[in-house]
Amino acid sequence: MQVSMRPSTCLAAQRVSTRCFKASAPAPRVVSVVAQATGKRAPADAPVPALTRPKPASADKQAQAQAPSQGPSQAAISEAYIKAASSKERGETVEVKIVGQNEGGVMVQFGPLRGFMPYNKLDPARLRACANGDLTKLIGQQIKARIITADIARKELVLSERQVAAAEALGRVSEGDVIEGVVTGVEDYGAFIQIKGLPDVFGLVHKSEVTWARILTVDEVLKLGQEVRAKVLSVDVANCRLALSIKQLTTDPLRMSLDGLDWESADVSAVSEPELKALVESLAKSPGVTNVTVTRVAVDPQHVAQELEVYLVRTDSDGVYDAVARLGTSNTQLKLTAPELSREQLKQMLQRVAREVAQA
C-alpha cells in the first residue's frame, strides 16, 4: 500500500524543524587559555588555541600499567630446561606435582615446565591404589622422580618415578658382582638383560662380551627370554644401567693355550718379524698410551696365525694391560700402560693399529 504525504504536511514539518534548530542566543565566544589565566578578556579577533594531545607516559609508567604476563618467560623456560638436563646427568631425584592425566600417562609440574610421566614409569603400587583405572585421585600429589629426557629443542620433559627405586636398588650392586637376569632385547651391538630382583634395572652385554668365540650376530648366542648369568663390569647410576659380560665368567681359551707355551723373557730386540716391530712402534705413538714394552716371546706350532692378531688378555686396576700379538707361530707378549683408556677403548685401539700395520 502506498502512503502519500500532502504538501501542507511537508511544509508544517519544515517549519517545526526550523524552530527546533534556531538559536535563541548568540554562540559563546572561545576564550584563550592565556585570558583565563590572567583574568583579562581576549580581543574579539584572538586566534583559537590549537588542540594538542597529552604527552605519553614514561616507559616505566607504561610498563607498570601493562597487565602481568600469563606465563613464564622464554628465559625462565630455558633456564629450567638447563636445570633439568643437569639433574638428569647427575642422576638426581627431583620432586614434582601431578597436575593432569591423559591416555598415555600423567602431566607433572617441574618449576615452570610441564612434564610427562608415562603410566609404565609410575610406581605400580600407586596405580593399584586407583580403583577402576580412575587416576583423578592422583592429581595434586607430590611425588619423587628422576628425569630421563630433557630436550629444550623439542620442548620435551619426561620423568620416571620407578627409576627412583631402581637407583636405590642399583646402590647395592658393585663392579665384579655376578648377577642373574633374563634377555629382554637383542640388538646388533649387544643384548639387554633385565636383572632379577632389581626392578627397572637393565644391563647391557656388548657384542664383544657375549662369548670368546667369533660371532657375526648376537642372536647366534642369545635369545629373547633366555636366562643368563653375567659379571658386572661397570655401574651407571645416572641411567640405571649396568655394563655386563657373559664371557668373563668362563676361562679365555686363548689364555689356556698361551699358558701352555714355553715362554722366554725378552725385549723388543728379540722380535724378528717386521710387522711385530711396527706394531710396537705404532702402539707407543698412540694417544693415551704412555709406555709399551715387550716382556716375553714364545713359539706355538699348534696355532698358526695367517695375519697379525692382537689380543688383550689381562687388565690391572692401575691402567696396565697385557696383550699378546700373534703372527705365524710367533707369540709376543706386550705390557701397555694407558691409565686414561678404558678396557674397551684399548681393545678398539689394538684392533685398529693391527689393521693399519697389516695393510701397510
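A Cβ is built for glycine as well, from the same backbone N, Cα and C atoms used for every other residue.
Positions annotated as region 'Disordered' by TrEMBL: 37-73. The annotation compositional bias 'Low complexity' is assigned in TrEMBL to 62-73. Residues annotated as domain 'S1 motif' in TrEMBL: 91-162, 176-247.
Using DSSP to sort the residues of the domain 'S1 motif' (91-162) gives these counts of helix, strand and coil: 15 helix, 36 strand, 21 coil. Broken down by DSSP into helix, strand and coil, the domain 'S1 motif' (176-247) contains 7 helix, 36 strand, 29 coil.
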